[in-house]
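Participant: Have a look at this one.
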Amino acid sequence: MSRLTALITGSCASTVRASVAVDHRRLGRWYLVFALAMALWGGLDALLLRTVLVTPGADVWMARTYDAFFTTHGLTMLFLFATPAIWGFAYTVVPSLIGTDRTAFPALGTAAFWLLPPAALAMRAGTIGGLVGVAGLEPVAIGWTMYPPLSTQSTNLAVDLLLVGLFLVVVSTVVTAANFVVTIARCRTIRWLEVDTFTWTVLTSAAMAILSFPVLSFALVLLLADRNLGTAFFVGPGGDPVAWQHLFWFFAHPQVYVLALPPMGILSHVLPRFSGCRLYGHRSAVYSTLAIGVLAFTVWGHHMFTTGMDPRARVAFMFVTLAVALPSAAKTVTWLGTLWGGAIRLTVPMLFALGSIGFFVGGGVTGVLLAVVPLNVVYNGTYYVVAHLHLMLLGLVVFAFLSGAYYWFPLLTGRWYNESLARLHFWLTAIGVAVTVAALLVLGLAGLPRRVSTYPAAFAPLHQLATVGAFVVAVGQLVFCLNCWRSWRTGEPAGSDPWSLESAPTHDREWRSVESTATPSSRTRDRS
């Protein structure tokens, strides 16, 4: 009994110490664990809505249930998975990369993290309430873009809780972003020219978040007022539903690049480590990052070409949107130049990095077509947009996250992952994403409308193929979770130079702070 009491007491004490952590690396682990949990929850939504689409008549679930899965999947993945994952990687390595051992406001950063669990519960209150039978709480079925009048007419209390949860996410994100801006600007011990590309992307994303997320908070307050105080900002006499679209997309398109830039930074960080070459065009990579950060605030209108926008404004938004492709293409040139003629080691981080580049190119090509007004008008409401979005978010963002997760796994845990399981994870994910996105792309080119649970029977084989691909991706992520759990507990010690980079020109500061606990043989182990 005394041993059991001591075990419980020790576990509680460890939990309390971790919950008030101010150590940046520990906080990074908390962010990454939270992001992984939310990814699994949001991924389950995706599997359920794909199950609805197996048959043309929505025979598995009701149409409203499909709408609920569609709503929670999008919001969970964007706000509770991808954004926290960025801060997780940033907290893990950015302070070390700029030569400091702390962030500017460590306690404030910890407080910002602890806003996320209640935010997640509030955002998912409808799902939880529906499962346990709480009166007045039903799954939210207003779409992840929350367009009025659908979002204002619903009497579901869970909609209000969703908006409050999103507001908490906004506060958490802005505080965390400000922490990183001040940390990088004031706490670094190196010159600006020595700052690595990943840190530049985090700095740019943080600055963009500070400027864009308050716009969403303003829109959320107005929407809550319309729902509860009888105002008419978006509906009723004097209200304008298109005003919500302007506010939402002025936030949301910069948010796309807030999510995309740090993964690009991870690619620029990982590729030189396994190609034997320095990053090709470091300054070009930095300038293209800054250019994307500026242009991102000028292109929201291309989401609204079908709303009756003035033709002159549509042309202006079209050209600015096409202009964003230039710095994005510059990044691709940087990555290919880094690989050209290098001694490439096909480690697991490198495999995910190469896969991310391939999907990013596909996403870029499909995105350029959507920037052109005539094509956008045709394909805006189809599965073509779904395919493009998932090429960017699944292909670029998630693959880059996984590349970084495997590269920094020894740094986070002090142990090696299982190589065979990691490679199985890569191939399942790559094949599943390719199959799913290809099927969605063909559906979109055929003109099939998105956000609808029923469809003509002729499209059933493609929908079923996309569903098979989605389940293959899901199996891959279960392999990843199993690998992380087993390796964290019983993996081989990794050492202070797990990737044998100490003598290479690409050795980084984040590894220099790691004390070796491994044998000499494991310290120089070749993982290629």
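Here the Cβ of each residue, glycine as well, is placed from N, Cα and C on the backbone.
Unlike curated entries, TrEMBL annotations are predicted automatically.
Here TrEMBL flags 1-523 as domain 'Cytochrome oxidase subunit I profile'. What TrEMBL records for 493-528 is region 'Disordered'. According to TrEMBL, the transmembrane segment annotation covers 28-49, 70-91, 103-121, 159-185, 197-225, 247-272, 284-303, 315-339, 351-373, 385-409, 421-445, 465-485.
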Participant: What residues elsewhere in the chain lie close to the transmembrane segment (28-49), defined as a C-beta under 8 angstroms and at least 6 residues from its ends?
Facilitator: 18, 21, 61, 66, 69-70, 72-73, 76-77, 80-82, 84-85, 87-93, 113, 116-117, 120, 124, 405, 412, 470-471, 473-474, 477, 481, 484
Participant: With Cβ-Cβ distances below 8 Å as the criterion, list the same-chain residues six or more beyond the ends of the transmembrane segment (159-185) that contact it, or say none.
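Facilitator: Tertiary neighbours of the transmembrane segment (159-185) are 75, 79-80, 83, 87, 90, 94-95, 98, 100, 103-105, 108-109, 111-113, 115-116, 118-126, 137, 140, 142, 146, 151, 195, 199, 202-203, 205-207, 209-210, 213-214, 216-217, 220-221, 223-224, 227-228.
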Participant: Please work out which recorded stretch in 284-303, 421-445, 465-485 has the most C-beta pairs separated by under 8 angstroms from the transmembrane segment (351-373)?
Facilitator: 421-445
Participant: Same chain only, please: residues at least 6 beyond the ends of the transmembrane segment (247-272) with a C-beta under 8 Å from a C-beta of the stretch. Say none if there are none.
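Facilitator: Same-chain contacts beyond the ends: 78, 82-83, 86, 89-90, 145-147, 196-202, 204-205, 208-209, 211-213, 215-216, 218-219, 222, 278-279, 285, 289, 292-293, 296-297, 299-301, 303-304, 331, 334-335, 338-339, 349-350, 353, 356-357, 392-393, 396-397, 399-401, 403-404, 407, 506, 508.
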Participant: Same chain, outside the transmembrane segment (421-445) by at least 6, Cβ under 8 Å from its Cβ: which residues?
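Facilitator: Distal contacts: 348, 351-352, 355, 359, 362, 366, 379, 382-387, 390-391, 394-395, 398-399, 402, 406, 459, 462-463, 465-466, 468-477, 479-480, 482-483.
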Participant: Quick one: average pLDDT across the domain 'Cytochrome oxidase subunit I profile' (1-523), no decimals.
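Facilitator: Mean model confidence (pLDDT) across the domain 'Cytochrome oxidase subunit I profile' (1-523) is 90.
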